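Asker: Okay, so TrEMBL annotates it like this:
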type	residues	note
SIGNAL	1-23	signal peptide
TRANSMEM	224-242	transmembrane segment
TRANSMEM	281-308	transmembrane segment
TRANSMEM	320-339	transmembrane segment
TRANSMEM	351-378	transmembrane segment
TRANSMEM	384-408	transmembrane segment
TRANSMEM	442-461	transmembrane segment
TRANSMEM	473-499	transmembrane segment
TRANSMEM	511-530	transmembrane segment
TRANSMEM	542-563	transmembrane segment
Amino acid sequence: MKGFVDILAVTVIFAGISSQVKSDASKHIYQKGDPVPLYANWAGPSGNPSETYPYYSLPFCQPDPLKQKKQSIGEVLNGDHLASSPYKIDFRMEHKLQVVCRKNLTRQEVSLFRTAIEQGYWWEMYYDDLPFWGFIGYVGHQHFIYTHTDFKILYSGDHVIGILAMNAHPAELADGKEVNLNFTYAIMWQKTNITFDKRMDEYIDISRHLPHNIKIHHVAISNSLWTVLILFGCLVVLYVRVLRKDIYEYASDQESTRDHEETGWKILHADVFRYPKYKSLFAAAIGSGTHLLILSMLILVLGLTGLFHPYDRRVYKTVLIISYAITCGVAGFFAVSFYHQLEGTDWMRNVFLTGCIFGGPLFLSFCVLNAVATIYGLTVALPIGGIVVIFLLWMFLALPLLLLGAFFGKVTDWQFQAPCHTSNCPREIPALHWYRNALPQMALAGFLPFGFIFIELYDIFDGVWGFRVYNLYGILCIVIVLVIIATAFVSVGLTYFQLAAEDHQWWWRSFLCGGSTGLYIFGYCFYYYFKSHMRGFIQTSFFFGYMACICNGIFLMLGTVGFRASLLFIRYIYGSIKCD
C-alpha cells in the first residue's frame, strides 16, 4: 500500500515534465478492441533529469519481438528512446489480471535492480502520445521491486484522454540471491467529460498545483516596476540637475575661457568616440548579442501565442534550433555593418568571430557532453543520424544566412554617427579609485537586474532541469523587459560616472557591465545545483556545461543592451554641446 500511494503522488507531481511523442495512430481515433500504441521510453534516477537510460537497459520484461520506433528529429533531440512495450492495452478492454512475464532474475540482474532502486530510478512510457511514469521499487528494511502495475485510463467517446500507472505488490530482492518473479498488470477504463483537444491541458493544471505561489511573482513584478521607476527618476534628476546645467554652461562659455572651464565628461569630446581595442571581436559580440536578443523575443512571442505548449519539449527544442538557424543572418548583418562603421576591413574574420563567439563554446560543450552521454549509454546521446541532420541544417541554412547577412551588412553604407571629431592622440586617463575599475563596476551593474529575475529563476530552472512545467510566459516576458530596461538604465548611469572621472574607454566597459547579469545567473547555478537532488558526474557535467553556454548567451544579449543604451546616451549629450 505504501508503494501504491508513493507512486500515485509522484506520478501526479511529475506529470508535466515531458513532451508529446507522435505515435503511429496519428488520428487518435479508436473503436473498442483496437490496439493503441504503447512505447517504453527510458529509466533513470529521479534526481538527475539528464541521466536517462534506455528502458531495456534494465532487465525488464521484453516483448517478442522487440521493435524500436522510428523517431522524428524532435524526439531524438528530446532524448527519447521509444521501443515496443510488453503491456497490451487495447481500447476500452478491461483486464483484472494479466501476466507480463515470469522472470528468473540472476544475481547480476538482481544487483542491477537493487542499484537502480537505491538511486531512485523511475521509468517513462507513452500511451497514445500521453506520457506516464512509475518507480521501479523502494528501499525499506530490504530492497523491494514492484511486480504489478494497475493502469487507470480515461476515455471520451473514441479518444484516449489520460492514463495513470500505479505500482503495487512489492517483492523482496535479497543481495546475492536469484529470485523468481511474476510480473502482472490490470487495466481499468473510466469515462470522462474532458474533450480530446483539452487532454494535454491536464498536465498544465497538475503543474499549477505544485508548491509555488503565483502571488510571489506578482509581488516581485510590482517591486521591480517600482525599482525601474526609481532608476528612471534618478536618471531624470541626473539630467535635470547636472547634465542640462553642464550643457547650458558649456554652450554659454566664451571662446577665450572655454579651455579653462572644461572639466569632467566635457573634456573628453575629442576621445569619447575613439574606436575600442579589438574592434572586430567587439563588433562580433554586438552582432551575436543582437541575434540572441531577437531570438529570445521570438521564442517568447511564440510561447505567448500558443504555437507550442510548454510541456512539449520535443517541439520546443525543434523550434529553438530552427529559429536559431533562420535568424543567423541577423548576427552577420549587425556584426559586419557595425564593424565597417568602425572602419574595419577584414570582414571575413569578423564573420568567423561572430559565428564562434556563441556557437563555438556551444559546439564544444555539445561534443564533450554528447561523448559523455555516448560512453555512459544515455538516451540523450545524439545518434549519428541526428548529428548529420543538425550539421546539414547548419551547413545549408545557418551558415548561408550568416554569410548573406554579412554581405548585406558589408554593402550597406552606414556611417558611424559621431557628433564630435576624434583627435589623433588619445588623452591620458587619470588614476582612478579601485571602485571605478571594471570588476567592481561589473559587480554593481549586474546585481540590480539580477534581482529582478531572481524570483523567476528557480521556477525556470525547475522547468528546464527539474520536474515542473514552466508556463508563465506572460510573467517571464514582463520580467525580461524589466531586466532589459534596468540594464540600460544602470549602464547609462555607470557610463556617465566613468566619463565624469575623465575615463574615455567606455566601449568595452559598458558591454561588460551590461552583460554581468549573466555572471550572476551562472553563480546562481551553484546555489540551485546544491539545493536540488542532482548528483554525480553525468548530471553535473550536463548541468554546468549547458548552463555555461546559456549564461554566455545572456552575457552577450545584455552586454549589447548596455552598450547600445550607453551609445545613445553619449551621442545625445555630446551632440548637445558645441565641440569641434
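Glycine is treated like the rest: Cβ placed from N, Cα and C.
What TrEMBL says about a protein is an automatic prediction, not a curated fact.
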Asker: Same-chain Cβ contacts of the transmembrane segment (320-339) under 8 Å, 6 or more residues past its ends?
Answerer: 77, 279-280, 283-284, 286-288, 290-291, 294-295, 298-299, 302, 347, 350-351, 353-355, 390, 393-394, 397-399, 401-410, 412, 414
Asker: In the same chain, who gets a Cβ under 8 Å from the transmembrane segment (281-308) while lying at least 6 residues past its ends?
Answerer: 315-316, 319-320, 323-324, 327-328, 330-336, 338-339, 342, 344, 350, 353-354, 357-358, 473-474, 476-477, 480, 507-508, 511, 515, 553, 556-561, 563
Asker: For the transmembrane segment (473-499), name the stretch out of 351-378, 384-408, 442-461, 511-530, 542-563 with the most CB-CB pairs under 8 Å.
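Answerer: Maximum Cβ contact count belongs to 442-461.
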Asker: Out of 351-378, 384-408, 442-461, which stretch touches the transmembrane segment (542-563) the most, going by CB pairs under 8 Å?
Answerer: 351-378
Asker: What stretch of 384-408, 442-461, 511-530 shows the most Cβ pairs under 8 Å to the transmembrane segment (351-378)?
Answerer: 384-408
Asker: Determine which residues of the chain contact the transmembrane segment (384-408) at the Cβ level, with the cut-off under 8 Å and only residues 6 or more beyond its ends counted.
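Answerer: Distal contacts: 73, 76-77, 321-322, 324-337, 347, 350-351, 354-355, 370.
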